[in-house]
Amino acid sequence: MADPEVCCFITKILCAHGGRMALDALLQEIALSEPQLCEVLQVAGPDRFVVLETGGEAGITRSVVATTRARVCRRKYCQRPCDNLHLCKLNLLGRCNYSQSERNLCKYSHEVLSEENFKVLKNHELSGLNKEELAVLLLQSDPFFMPEICKSYKGEGRQQICNQQPPCSRLHICDHFTRGNCRFPNCLRSHNLMDRKVLAIMREHGLNPDVVQNIQDICNSKHMQKNPPGPRAPSSHRRNMAYRARSKSRDRFFQGSQEFLASASASAERSCTPSPDQISHRASLEDAPVDDLTRKFTYLGSQDRARPPSGSSKATDLGGTSQAGTSQRFLENGSQEDLLHGNPGSTYLASNSTSAPNWKSLTSWTNDQGARRKTVFSPTLPAARSSLGSLQTPEAVTTRKGTGLLSSDYRIINGKSGTQDIQPGPLFNNNADGVATDITSTRSLNYKSTSSGHREISSPRIQDAGPASRDVQATGRIADDADPRVALVNDSLSDVTSTTSSRVDDHDSEEICLDHLCKGCPLNGSCSKVHFHLPYRWQMLIGKTWTDFEHMETIEKGYCNPGIHLCSVGSYTINFRVMSCDSFPIRRLSTPSSVTKPANSVFTTKWIWYWKNESGTWIQYGEEKDKRKNSNVDSSYLESLYQSCPRGVVPFQAGSRNYELSFQGMIQTNIASKTQKDVIRRPTFVPQWYVQQMKRGPDHQPAKTSSVSLTATFRPQEDFCFLSSKKYKLSEIHHLHPEYVRVSEHFKASMKNFKIEKIKKIENSELLDKFTWKKSQMKEEGKLLFYATSRAYVESICSNNFDSFLHETHENKYGKGIYFAKDAIYSHKNCPYDAKNVVMFVAQVLVGKFTEGNITYTSPPPQFDSCVDTRSNPSVFVIFQKDQVYPQYVIEYTEDKACVIS
C-alpha cells in the first residue's frame with residue numbers, strides 16, 4: 001500500500017497545476033527519485049493516478065493525471081448513512097446563485113470542509129487538499145459535475161429518438177463510459193468527449209477543454225481496466241465496426257493522449273475505429289482485410305507530418321499533421337472525409353496501461369516507410385484545402401474566392417472595418433539576410449494549438465522546454481515535391497524565390513539567434529539557431545523549401561494588429577488564423593518570449609494579450625476602456641503563466657467581476673453569467689529602424705517621423721518605446737520649492753559626488769489612476785525608490801510606465817522584472833548605459849509582501865507581490881507588474897568632480 005501522506009501530497013501538487021503534470025515536472029516538485037515516484041504511482045494504482053505516455057521517434061514523455069473514487073452525493077436530502085461528500089457542487093466551483101450570506105437558502109451544503117466531509121476526504125486520503133484543489137480533483141473525477149447526458153441517445157448509426165428542435169442541448173455520449181462501468185469493448189454509443197458538439201456543451205457548463213481532456217483520459221483508463229484487450233473474437237461475435245464510436249485516446253481529434261503506446265503489430269490486432277464524427281453512412285471496417293489495415297498502420301509511421309508535442313499528453317495521431325489528422329478533412333457541413341484508400345475512417349494505434357516500473361520504449365514502427373508512403377494518400381486534393389494536413393475553415397475559403405481580395409495591390413484586410421492600403425511589393429525575398437533556416441529535421445514535426453488561432457512547431461522536449469519553439473508558427477504538413485500545386489507556383493514565382501531558403505529536412509533550431517541580432521554571434525557557422533536581421537521571419541513552404549517573403553515588416557505589422565486576420569499579397573491571400581497563403585503553409589520564426597529571458601535581453605518578442613468586447617474591439621488586458629475597471633492581470637503576467645503552463649486556466653478579476661481565461665481554448669469566461677469572449681495573443685511590432693538603432697546603441701535618438709506613421713495605423717504599439725502620444729506632462733520644479741528640496745535630499749543621501757541639474761515632475765493621469773486602483777487593492781503606502789536608465793527612454797517611461805522588455809539593467813539574479821533600488825547610487829552603478837546619458841527616475845512603488853528573489857522567477861511566488869535581494873533589510877526590489885509603479889520624478893544629474901590643484 002502506498003504511503004497515504006505521499007499520495008495526498010502528490011495529488012495536491014497535481015491539482016495545484018490543473019490536475020495534470022508531466023512526470024519530469026512533477027519530479028521537480030517532490031523529494032523523490034524517479035524510480036521511487038514510479039513505484040508510488042504504480043502501488044497507488046489508476047484509481048488515484050492515471051499515467052499516460054506520449055511516444056514518438058524522439059522518445060517517450062510521461063504525464064500523470066490525478067483522480068479519485070470520492071464522489072458528491074446527488075441527493076438533496078440524505079437521511080441515511082452515506083460515504084459520499086455532501087456539498088453544493090456549484091458553490092465548490094464558485095458558481096452558486098446564493099451568496100455566502102444566503103447559503104442557508106441553498107438546498108445543498110456550502111460547508112465544503114465540514115466535519116462529515118473531512119471524514120470522507122480522510123477515508124480517501126485527501127484530507128490535505130484545500131477547497132480549490134478539491135474542486136479541480138472532483139471536476140475531472142466525478143461524472144456528477146458533467147452536463148446532463150441525453151437519455152434518448154442510443155448510439156451512432158442506430159435509430160435515435162432524440163430529435164429535439166432546436167438540437168438537443170444534452171451530451172450524446174455513453175453514460176456508462178463516464179461512470180467507468182461500460183461493459184462493451186465496441187460500444188455503440190460515443191466515448192469521444194473531445195467531439196466538437198460535446199466540447200461546445202461542456203464549455204457552456206464551464207468545463208474548458210483542459211478539464212475535458214483530463215476527464216477523457218481518466219475515463220479511457222477505467223474503460224481499459226473494465227475491458228482489457230485480448231484476442232479478437234470471430235467477426236460473427238463482434239458488433240458491426242462501422243458503428244463503433246468510442247474514444248480511447250487515439251480517437252481524439254483536437255487533442256488527446258496515448259496511454260502506453262504499443263507497437264503497430266499489437267495495435268493492429270485490436271479494434272481501430274473512427275469517432276462518431278467519421279462513421280455515419282460509411283462502409284464497415286470489416287470490409288477491409290486486417291492485413292491491409294495493418295500495412296496501412298505501418299505506412300503511417302514516419303511521414304513528413306506533425307506529431308503532438310512530446311511534452312504533453314496529447315494523442316499520437318498517426319493520420320496526419322493537424323490535431324484532427326491529415327487523414328480527415330472538414331467539409332462545409334462539419335463532417336470529415338478520409339484521405340485513406342479503402343479505409344472508411346482514420347486509424348490510430350491502440351494502447352495499454354503497463355506498470356510504472358516497466359515503462360517500455362517505443363517499438364520501431366517507423367522503419368522502412370518512406371518509399372511506400374505515397375501509396376497511402378490520395379494523389380489529388382481539393383483546391384479548398386489550405387495544405388496537406390492544414391485544415392481551412394469555410395470562411396477562409398469563401399473569402400479567398402471573393403474578387404475584392406484578389407488584387408495586385410498589397411493591402412491588409414480588417415475583417416470588419418474595411419481595408420488599409422500598404423505599399424505593394426514582390427511576394428518573396430531574393431536577398432534574405434542570414435543563414436538558411438533549417439527549421440525541421442528528418443524526424444516528424446510537433447504541432448500544437450496556439451493562442452493566435454493557428455499551430456506552432458515545437459521540438460521534442462520535456463514538459464516545458466524552450467519557449468522559442470512556441471513562437472515558431474506554422475500550419476499544414478510538409479508538402480511532397482510531387483504536389484501539383486507546387487509546380488503551379490514554381491512556374492509563376494521561380495524568378496522571385498529566395499536563394500537562402502531552407503529545406504524542410506535540414507537540422508536546425510526554430511529560434512532566431514539573439515546574439516546575432518545584438519552584437520554578432522560568436523559561434524558563427526556552428527550556431528544551431530537561425531541568423532536573421534530581424535527578430536521575426538515570415539516564410540512560405542513551396543515543395544520542401546521554406547522561402548522568405550519580401551517586405552516581412554509589412555506582414556509583421558498586420559499580424560501584430562489583433563483586428564487583422566487576412567491580408568493579400570499580389571494575387572495571394574495570407575490568413576493569419578490558419579497560417580496559410582492560399583493553399584500553402586506559412587510560418588513565423590521568432591525570438592524567444594521576453595518573459596523567458598533576462599530583463600536585460602534585447603530583441604526578445606514581447607507578446608500582448610487582448611480580449612474582444614461586444615462591439616468587436618480588441619482590448620489589451622490591464623487597460624481601462626470605456627470607463628470600465630481594468631483587469632488585475634496584464635500581458636506580461638499572462639504571458640509568464642502561458643509559457644509555464646500553456647494548457648492552464650487563469651482566474652482574474654475586473655472590478656467586482658470574476659473571470660477565467662483558458663489558454664488552450666483562448667476563451668475568457670465570466671464565472672457568474674457564463675458569457676464568453678474571444679482572446680488573442682499577438683506580438684508587439686518592432687520596426688526595422690528600431691532594430692538598426694538598437695544595434696548602433698540605445699542612446700541614439702530615433703527618427704520622430706517613424707513613430708507618427710506607426711501609431712496612426714496600428715493600435716498594438718501603445719506599449720512600444722518612442723511611440724508616445726504625449727499623454728503626460730513633464731514640468732521642471734524650482735530649486736527653492738519644498739518638493740525639490742525633499743527629492744534632492746533623498747537623492748543626495750547616497751549620491752554625494754553628483755550634481756543635480758534639473759528635477760522634473762511627471763503628471764500622467766492614466767498611469768496614476770491605475771497605480772491608485774492597485775494601491776487601494778493592496779492597501780499599503782508606496783516606497784520612494786530609484787531607477788537609473790538611458791535618457792532615450794524618458795518619453796517611453798513617462799508615457800507608458802516602466803517596461804522590463806526595454807528598460808533593463810544588467811541584473812536579473814532576483815527575477816525577470818523591473819529593478820528598483822532604495823539608494824540611488826546602487827541603481828546608478830548598475831545602469832548599463834553611458835553615464836553621460838543617464839537619468840534617474842524617482843518612483844512610487846508598491847512593494848507589498850516580498851520574498852527573496854530567484855533568477856528563474858518571471859513573477860513573484862504565490863502570496864507575494866515582489867522580490868528582494870534579502871528579506872532582513874532589502875536594498876533592491878523587483879517588481880513584475882507595472883501597475884505597482886508610478887514614475888513621479890526624473891532627475892538629470894552629472895558627476896561633480898572635485899577641483900584638483902596642481
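Glycine is treated like the rest: Cβ placed from N, Cα and C.
Feature list (source: Swiss-Prot):
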type	residues	note
MOD_RES	Ala2	N-acetylalanine
MOD_RES	Ser257	phosphoserine
MOD_RES	Ser263	phosphoserine
MOD_RES	Ser267	phosphoserine
MOD_RES	Ser271	phosphoserine
MOD_RES	Thr273	phosphothreonine
MOD_RES	Ser275	phosphoserine
MOD_RES	Ser335	phosphoserine
MOD_RES	Ser469	phosphoserine
MOD_RES	Ser494	phosphoserine
MOD_RES	Thr554	phosphothreonine
MOD_RES	Ser590	phosphoserine
REGION	2-254	region 'N-terminal domain'
REGION	224-254	region 'Binding to EXOSC5'
MOTIF	285-292	motif 'Nuclear export signal'
ZN_FING	73-86	zinc finger
ZN_FING	88-110	zinc finger
ZN_FING	150-172	zinc finger
ZN_FING	169-193	zinc finger
*Return the residue, from the listed modified residues Thr554, Ser590, with the maximum count of other C-beta atoms within 10 angstroms of its C-beta.*
Ser590
_Ser590 (phosphoserine) versus Thr554 (phosphothreonine) - Cα distance in angstrom_ = 16
*Across the zinc finger (73-86), what is the average pLDDT of the model, as a whole number?*
82
*Tally every other Cβ atom lying within 10 Å of the Cβ atom of Ala2 (N-acetylalanine).*
17
_Intrachain residues whose Cβ lies under 8 Å of the zinc finger (88-110), provided they are six or more past its termini_ = 72, 76-77, 117, 131, 134-135, 138-139, 144-145, 206, 658, 671-672
_What whole-number Å value do you get for the CA-CA distance of Ser590 (phosphoserine) and Ala2 (N-acetylalanine)?_
46
*State the three-class DSSP label for Thr554 (phosphothreonine), counting H, G and I as helix, E and B as strand, and everything else as coil.*
helix
*asked:* Just to be sure I understand, if DSSP states are collapsed into helix, strand and coil, how many residues of the zinc finger (73-86) fall in each?
replied: 0 helix, 1 strand, 13 coil
*Look up the residue listed as 'N-acetylalanine' in the DSSP assignment and report helix, strand or coil.*
coil
*What is the number of residues in the zinc finger (169-193) that are helix, strand and coil, as DSSP sees it?*
5 helix, 1 strand, 19 coil
